[in-house]
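Annotation comment: Swiss-Prot describes 46-82 as domain 'LDL-receptor class A 1'. Marked as domain 'LDL-receptor class A 2' by Swiss-Prot on the basis of sequence analysis: 85-123. The domain 'LDL-receptor class A 3' feature in Swiss-Prot is assigned to 126-164; the stated evidence is sequence analysis. Annotation comment: Swiss-Prot describes 166-202 as domain 'LDL-receptor class A 4', evidence class sequence analysis. Marked as domain 'LDL-receptor class A 5' by Swiss-Prot: 205-246. Swiss-Prot lists 258-295 with the feature domain 'LDL-receptor class A 6'. The annotation domain 'LDL-receptor class A 7' is assigned in Swiss-Prot to 298-334 on the grounds of sequence analysis. The domain 'EGF-like 1' annotation in Swiss-Prot covers 336-375 and is backed by sequence analysis. The domain 'EGF-like 2' feature in Swiss-Prot is assigned to 376-415; the stated evidence is sequence analysis. Summarising the annotation, Swiss-Prot assigns repeat 'LDL-receptor class B 1' to 462-508. Sequence annotations record features per position, and here Swiss-Prot assigns repeat 'LDL-receptor class B 3' to 552-595. According to Swiss-Prot, the feature compositional bias 'Polar residues' maps to 765-777, 800-812. Sequence annotations record features per position, and here Swiss-Prot assigns compositional bias 'Low complexity' to 778-799. Summarising the annotation, Swiss-Prot assigns topological domain 'Cytoplasmic' to 848-963 and lists sequence analysis as the type of evidence.
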Amino acid sequence: MGLPEPGPLRLLALLLLLLLLLLLQLQHLAAAAADPLLGGQGPAKDCEKDQFQCRNERCIPSVWRCDEDDDCLDHSDEDDCPKKTCADSDFTCDNGHCIHERWKCDGEEECPDGSDESEATCTKQVCPAEKLSCGPTSHKCVPASWRCDGEKDCEGGADEAGCATLCAPHEFQCGNRSCLAAVFVCDGDDDCGDGSDERGCADPACGPREFRCGGDGGGACIPERWVCDRQFDCEDRSDEAAELCGRPGPGATSAPAACATASQFACRSGECVHLGWRCDGDRDCKDKSDEADCPLGTCRGDEFQCGDGTCVLAIKHCNQEQDCPDGSDEAGCLQGLNECLHNNGGCSHICTDLKIGFECTCPAGFQLLDQKTCGDIDECKDPDACSQICVNYKGYFKCECYPGYEMDLLTKNCKAAAGKSPSLIFTNRHEVRRIDLVKRNYSRLIPMLKNVVALDVEVATNRIYWCDLSYRKIYSAYMDKASDPKEQEVLIDEQLHSPEGLAVDWVHKHIYWTDSGNKTISVATVDGGRRRTLFSRNLSEPRAIAVDPLRGFMYWSDWGDQAKIEKSGLNGVDRQTLVSDNIEWPNGITLDLLSQRLYWVDSKLHQLSSIDFSGGNRKTLISSTDFLSHPFGIAVFEDKVFWTDLENEAIFSANRLNGLEISILAENLNNPHDIVIFHELKQPRAPDACELSVQPNGGCEYLCLPAPQISSHSPKYTCACPDTMWLGPDMKRCYRAPQSTSTTTLASTMTRTVPATTRAPGTTVHRSTYQNHSTETPSLTAAVPSSVSVPRAPSISPSTLSPATSNHSQHYANEDSKMGSTVTAAVIGIIVPIVVIALLCMSGYLIWRNWKRKNTKSMNFDNPVYRKTTEEEDEDELHIGRTAQIGHVYPAAISSFDRPLWAEPCLGETREPEDPAPALKELFVLPGEPRSQLHQLPKNPLSELPVVKSKRVALSLEDDGLP
């Protein structure tokens, strides 16, 4: 017989396969049509969303559309342009162009015809009441707050003319016209800078509980409790003298034992530096003792060794400049061929001859396109092209300022035009001082401190926060009352070792600090009432810290053996490293929220550098051993960057865009460390997501921490618990940790996933994973209600879990990597293929079963006996089934037998008797009869079959075989 017909499922599978092949072919044809290399002509050229497409398919910036210039070269950009009508806030040029009103008479021609700077236009300008006129010849206006601020903002200096420096009654006027607080007069320090505050001073009289440094030599007065405390407080170190303290030698800080580890070198001046910096050619100790008695070494592979043994960069060898002190780097240098003499070296603009070869360069505003040809560039691609905002126009660009700032018409820098005068606050070890950056007033905020290093401010509440390393405490006070010890509030006084960095989140009312002794980063409310450790792993020497509450991130520096600068969310998630190369000792960091850049100083490399908030676009602004001998703190405001220097004992400032205009603000200081700017524009207002929630504190029982705003779907905040408690299943309440019988060290990272929960309105956390940051698990007593199930990883016993760091409600939990996402991806990668394979197997089985059924044939024939003896009109058929194995062979008939015929399966085959007579195979069983009752098939089965009571009789030797 022929092959069996395919079933519906088989046909369906074939159709699906054909459809898949058809789709693949269509996709290939579409790709070929779009790719000219495959024979297609390709689609029409598409322009960017901020571009206009000309009829000739050229793309131009959209701002060039209808600007009365044929930029498309087919005039299509000027077709169908409506007649311009300038807004009331714009200035209408004589040729019909519209520009901003503030651009009129600003010294730059924005109108194509120059009508915005014409004499006829500018003579009509009248300065508003809040502005100051620069005089009848300039026709310019500047904010009235810029009057007598020490900077000439008008061309002729009219804003500074007739300014007489008048100090307040409680201030001292220095010889250089600056004002100084009276307490700084005759204090032994040259605070004026010209020595006028220390002239004609008598020896100061010390109080009853004070110690005079230098004995009767007229030294400074210090509190008696500072004497013999193993820290030098007097410049002559007389407070730690051996005869006074009853121990040999000076204080412990001058002995090598003062260094924390054996990997540090003790300078003779008392400080400790990395042992690897000993004899490295760079003087790191104040007294340069780390480079004393060093053998003459060899230079690195990228350096050239001068005749006197010093090392300079190899690229400075034969550069026609004397870099070695003895000039040996230029000895024996030969001048090669000057390629620029022939056809300008092929350069379109500037050709520079080098020692080997030449180099093509471009003038300002151009860039190299093919190493030789210069083309115009978009100046606004440079983030430092403008002070704040850069707007690119055809052939030029325009700088603008953010609200609250105005542009200086001379320097083109944005200056604060709102609020009070900005002031600079810094620590001077035993004091916190303040300098008015406009009036140059110099005052003392907090006197008689022991060893203050870190500080920060909260402008809205006029509060100041600081850390004292000697007392190991964090304090706070109102700035106008901070000089009174009774008004100084202790916020944190427990579990502090070396708090060296401090930052205030002025939006969410939190303080963050680093502790190099505990190697932790922690957070607490501004009153110190609720506290939590965010990071306790992978920290070596954390120092400076800064926060960006507008975007929910914090940044910190680590000057350990593997120095780096890192960032994470303010709730401790999404930790990542920004800088790890070419960095040695990053002491201070600061943020410019407007330009979204991070600045830091490196005391080892003597550099001041910056990056954007993502770690890119790195720039080194200043590299100097003179101005950056040992920088520590750094701050930025407007277009200036400020930093303190321990070795120079001074405060410097420079232009934050190019590193130029370096100047000294204060000098003759005593160990100046941290530095901050106090001004309302430094801390812009923003909504507190935790307080905007319907529930107080965002519904969190303990801490409500802002989450990093990575995307529009990021949660606004997450809840956190104390170090010794768990976050409950609702992601808001806190519970005590399970009981632990012994202290267990958690060697590996533990990640825990919590099911989705509904948060406060507007915040839904779909999946929260967080990691155990702690390295030790304290022994705690379980205090969880019996009805509450504390979630934990099922494969880890309670003794291996640390509640101190497993109670965050957040999206990712691995503080070192996004392990939760990795595990989820791995699980999906395993499950999905298994499901696909299972579906394919099931489909194959169904197709096979359908084919099997269809391949089992039935033979139908009429029963004439039944038809003759009944009145049924239905056709009666007898079905004798067979299988493919049996074929068309019928069993033979037998006349007699002792036992029934058995079909014995063996390995899938049917065994027959050893002597199968043909008659034995012609047997069948009628329905309803026992299988032992066999009937012999007659010679004419269609006429001699017995009559049965069913319409159809079906025998299948495969399905209903003999027993």
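For all residues, glycine too, the Cβ spot is worked out from N, Cα and C.
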Check: What are the DSSP helix/strand/coil residue counts across the repeat 'LDL-receptor class B 3' (552-595)?
Finding: 0 helix, 23 strand, 21 coil
Note to self: Short question: most Cβ pairs under 8 Å with the domain 'LDL-receptor class A 3' (126-164), which of 205-246, 258-295, 298-334, 336-375, 376-415?
What the structure shows: 376-415
Checklist line | Beyond the flanks of the domain 'EGF-like 1' (336-375) by 6 or more, those residues with Cβ under 8 Å of it | finding: 318-319
Checklist line | Stretch with greatest number of CB pairs under 8 Å, the domain 'EGF-like 2' (376-415) reference, 85-123, 205-246, 258-295, 298-334 candidates | finding: 85-123
Checklist line | Chain residues outside the domain 'LDL-receptor class A 2' (85-123) and at least six past its termini with a C-beta under 8 angstroms from it | finding: 67-68, 139-140, 398, 407, 409
Next item on the list: May I have the DSSP-based helix, strand and coil counts for the residues of the domain 'LDL-receptor class A 6' (258-295)?
Entry: 7 helix, 6 strand, 25 coil
